[in-house]
Amino acid sequence: MMSNLPSTLCVVLAGGLGRRMGGGDKPMREIGGRAILDHVIERLEPQCDGLLLNANGDPARFARFRLPVIADPVEGYPGPLAGILAALEWTAANRAGVEWVVSAAGDCPFLPRDLITRLQEARLADGADLAVAASGGQVHPVIGLWKVALRDELRHALVEEDLRKIDRWTARYRLATVSWPHEPVDPFFNANTLDDLAEAERLTTQAD
């Protein structure tokens with residue numbers, strides 16, 4: 001990170017099943033001649049102190065990206081909180097001294113280039129425990145800043161309480177919300193369907 005803010009890792013959550021696109025890995029679908037995941041990495045890598053990829057199944061399918069691939073540590077595909085937990089636990093075990101992880105969806109090709117800076121600055125300004133992104137009046141809880149020290153509490157919530165929704169988790173803490181403009185391109189546009197892919201293709205010429 002090119003700032004005096006705390007060291008921060010990024011985890012790209014690529015564990016979605018992609019049912020609305022006929023199955024497979026959504027981040028591997030192409031827009032602008034490149035995989036969505038290429039766009040995500042290009043935008044995140046300059047901002048953070050390391051990138052992780054959260055995905056289940058055979059990690060070899062992501063080998064060309066040369067990133068650590070970490071699977072959900074909780075069985076049953078419990079959603080993005082499991083991917084966040086995977087990143088927090090991996091960071092604690094492998095990157096001593098790094099206290100923060102930012103999560104991002106693997107199907108968001110237009111992520112803001114100031115994502116980490118603004119999340120960290122808002123957390124500090126508000127004295128918050130966590131921070132999440134928003135645009136156009138909509139909160140995007142999958143795009144968030146998470147404290148590594150909360151990993152045991154998150155594991156307990158997932159395993160013992162069967163908690164699945166991110167907003168139920170964040171409600172337990174002081175939360176900062178950071179808004180970005182949603183025009184001309186919503187930076188948190190996500191490609192969930194084939195129609196979304198076509199729209200993303202059109203938007204690539206307008207994104208910064």
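Cβ coordinates are placed from backbone N, Cα and C, and glycine is handled just like the others.
Copied over from Swiss-Prot:
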type    : residues                                         : note
BINDING : Leu13, Ala14, Gly15, Lys26, Asn54, Asp72, Asp107 : GTP binding site
BINDING : Asp107                                           : Mg(2+) binding site
Asp107 (GTP binding site), number of other Cβ atoms within 10 Å: 28
Local Cβ density at Asn54 (GTP binding site) - other Cβ atoms counted within 10 Å: 25
Coarse DSSP state, helix versus strand versus coil, of Asp107 (GTP binding site): coil
Asp72 (GTP binding site): tally of other CB atoms within 10 A of its CB: 22
Cβ packing number for Lys26 (GTP binding site), 10 Å threshold: 25
